[in-house]
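Feature annotations, reproduced from TrEMBL:
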- 75-143: domain 'Copper amine oxidase N2-terminal' (DOMAIN)
- 161-256: domain 'Copper amine oxidase N3-terminal' (DOMAIN)
- Asp375: active site, proton acceptor (ACT_SITE)
- Tyr460: 2',4',5'-topaquinone (MOD_RES)
- Tyr460: active site, schiff-base intermediate with substrate (ACT_SITE)
Amino acid sequence: MNMKTVLILLGLALATIFALLCVLLTRGKTPSPCQQLPPEQEDTEDGQSLVFADLSPEEMSQVVRYLQGSLGVPLVDASRAKPSDNCIASLDLQVPAKAEALRFLDGGGARPPREALAVLYFGKQPEPNITEYVVGPLPVPAYHRDVTVHKYGGKVPYHRRPTLAVEYKQIGGFLKSQVFPSAPAFMQQVMEYDGANLAVMTAAPRGFQSGDRITWFVLFQNVSGFFVHPMGLEVLVDHSSLDMSQWAVSRVFYNGQYYRDMAQLESAYVQGRVSVEKVRKAPWDGDFSSMKPRVPPAALFPLQYEPQGPRYSVRNNRVLFQGWSFAFGMSVSTGLRLFDVRHKGERIAYEISVQEALSVYGSNCPGGMSTRYMDNSFGLGRYTSPLVRGVDCPYLATYVDTHSVSQSLRPRKRKASLCIFEQNLGSPLRRHYSNLQSLYYGGLVNSALVIRSIATVGNYDYVWDFIFYQNGALEGKVQATGYPSSSFLHGDGLRYGNRLWEHTLGTIHTHFINYKVDLDVGGLKNSLVAQDMAFEVTRAPWSPEQQMERPRLTRRVLDTEDQAAFRLHAKMPRYIFFAADSENKWGHQRGYRIQITSFAGDHIPESSSMERAISWARYQLAVTKRKEEEPTSTSIYNQNDPWTPTVAFADFINNETITNEDLVAWITAGFLHIPHSEDIPNTVTVGNSVGFLLRPYNYYDLDPSIYSHDGVFFTSEQDLKACETNPLACLPKTASCVPNFPPFTYDGFQNMSRL
């Protein structure tokens with residue numbers, strides 16, 4: 001055996017050993033050559049991000065114990081509370097004032113005291129009310145202060161309280177024990193009611209004027225996907241009294257007709273005066289609404305993995321990726337939010353957060369026609385779903401647990417309710433192929449970091465994404481899926497939607513999503529600049545007898561809040577950006593452009609008695625001077641009293657000067673949804689995606705992604721198979737390791753309601 005043969009065999013043996021090491025080591029905890037971890041990035045803000053971190057379970061427990069011992073009144077667990085009890089509705093982080101946080105983050109100032117915001121319902125008082133307390137300092141509280149009047153300009157009446165899950169259960173018990181028994185023949189013969197086969201969906205808001213708490217409850221078959229199985233029966237319950245024995249039925253609706261109560265419906269039915277539309281009993285899986293696959297599995301869908309391990313890091317509540325860094329948190333009411341967003345070390349935004357998700361429905365049934373859901377009242381963070389590996393997020397994404405105290409005295413863990421992953425979007429971020437003059441190819445894969453949560457609020461699932469691109473752009477996006485809400489098809493129902501099944505009307509509705517974007521472009525002080533195009537008619541300088549039209553740039557500084565408030569369907573400048581009080585190398589104001597993706601329907605008329613509660617939806621974009629006393633565009637209390645809104649966004653816009661000020665952009669994106677037969681079994685995300693982009697605009701001297709390690713460039717004169725010339729040539733070797741796919745688990749099932 002000659003030396004050449006020995007070397008070949010030795011090389012093959014080493015290659016085999018290396019491959020086996022890759023397989024074995026990736027299945028353990030030790031980083032291997034296949035899992036080359038990213039080099040440590042300097043991150044002096046790693047501990048600083050904790051000022052924005054969600055409350056820990058230990059902190060939540062400490063706050064609960066402190067409130068139990070310091071308020072001088074008994075606190076009932078909200079999961080068992082009667083309306084006439086006192087209880088803790090929710091706990092959340094009290095985000096420090098921006099000036100205080102920045103002194104700590106940027107100026108070496110003291111760390112702001114860590115505090116919690118507690119929302120309490122006081123039903124057992126001479127004057128029942130909702131009170132908000134700031135409790136601190138954490139982890140061991142020593143004080144609490146009532147901030148309700150300071151925040152809202154007065155006390156918050158008790159009738160505005162968001163409805164607890166236990167109140168829905170109590171209403172369900174009221175229907176089951178007192179309402180349905182008053183119509184035994186109708187319920188047994190028409191509804192085939194057996195005590196467990198009906199599901200209930202709430203409408204909201206609850207009445208027509210401030211102080212009302214009168215709700216339509218729509219009855220469905222209690223099967224999988226019950227939202228599209230309406231039975232034609234709807235009951236209006238007056239549950240305004242804190243004494244549940246005083247609750248009463250105000251009206252009943254069945255198949256197009258209204259009745260005083262169930263007893264009147266029963267009497268009319270027995271006398272043969274009710275037009276009965278018998279609904280075929282659906283099997284437990286819902287039949288047409290079942291999401292169970294109709295075909296057996298075939299070849300597995302494509303999977304993604306990181307051949308050398310994740311190129312991002314997650315420490316505490318801070319994420320590092322390429323030039324990006326940001327802190328994240330989960331608000332009980334508004335869900336996923338970001339703080340201290342930086343690119344290349346410079347802060348781009350102080351806060352980016354969802355404010356509200358609004359749906360306005362139409363129908364010829366009372367529950368549908370009166371529904372205007374304001375989902376932050378229900379809780380976009382409270383109803384964040386556990387995520388399913390490989391479907392909701394890539395299988396090998398980083399999954400993060402979140403915790404909350406919401407309608408309970410004990411912290412609740414939401415396992416794997418947030419995911420972070422880098423995603424190859426399958427297209428070039430930029431590229432050029434040259435076959436004129438010089439021969440070369442240059443390109444950059446569009447690989448971006450995604451942080452995602454999914455909130456399931458009743459029938460709808462909202463997929464919330466924040467996406468970070470290598471060129472310094474940031475995207476906020478929401479995709480809607482889940483089930484369409486439906487009404488019982490009768491009469492002129494097709495004026496309000498499409499027929500989806502035998503008795504199912506998919507009701508027309510709008511979706512509006514509002515974001516708060518507190519940009520700090522090149523510092524705190526920004527101005528708002530609009531640019532667009534116009535055609536100017538001119539004579540060709542070299543041929544004056546010839547006329548030509550040429551596009552030119554238009555530019556305008558928007559000086560006031562009124563100028564910066566763009567109505568929903570009004571023409572808006574196509575380039576609108578936050579401009580810094582500094583210039584790039586080429587003498588342009590450094591800026592970040594706001595670009596909105598929206599297919600919104602119409603906003604509710606401003607003449608409506610409840611419009612002020614959702615007045616943020618008047619505007620596709622409104623830029624206001626930032627104020628600590630204007631932290632949110634809406635309130636969790638607006639849902640149940642929109643006629644006297646606790647927060648009215650329209651009041652934020654009062655023509656103040658916004659030149660060279662700390663500014664906030666309030667962005668509204670939305671779409672009109674007319675449910676159609678392809679929404680059965682349920683709605684897909686394709687085409688149901690809206691949001692916004694923040695894009696650098698003269699912020700840099702050139703595209704920062706040119707410094708990405710992912711760039712590819714080669715010429716016709718180079719060896720394209722050499723790794724040092726073309727990193728793609730190394731992929732077969734680099735990605736040859738078998739990734740470690742952990743076993744599939746899911747801990748998300750919890751029955752939220754039963755009737």
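Positions of Cβ are set from backbone N, Cα and C atoms, glycine also.
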Secondary structure composition of the domain 'Copper amine oxidase N3-terminal' (161-256) [DSSP: H/G/I, E/B, coil]: 30 helix, 29 strand, 37 coil
All-chain count of other Cβ atoms within 10 Å of Tyr460 (2',4',5'-topaquinone): 23
Rounded to the nearest Å - Cα separation of Tyr460 (2',4',5'-topaquinone) and Asp375 (active site, proton acceptor): 10
Average pLDDT across the domain 'Copper amine oxidase N2-terminal' (75-143), rounded to a whole number: 96
Secondary structure content, the domain 'Copper amine oxidase N2-terminal' (75-143) (per DSSP, counts of residues): 10 helix, 26 strand, 33 coil
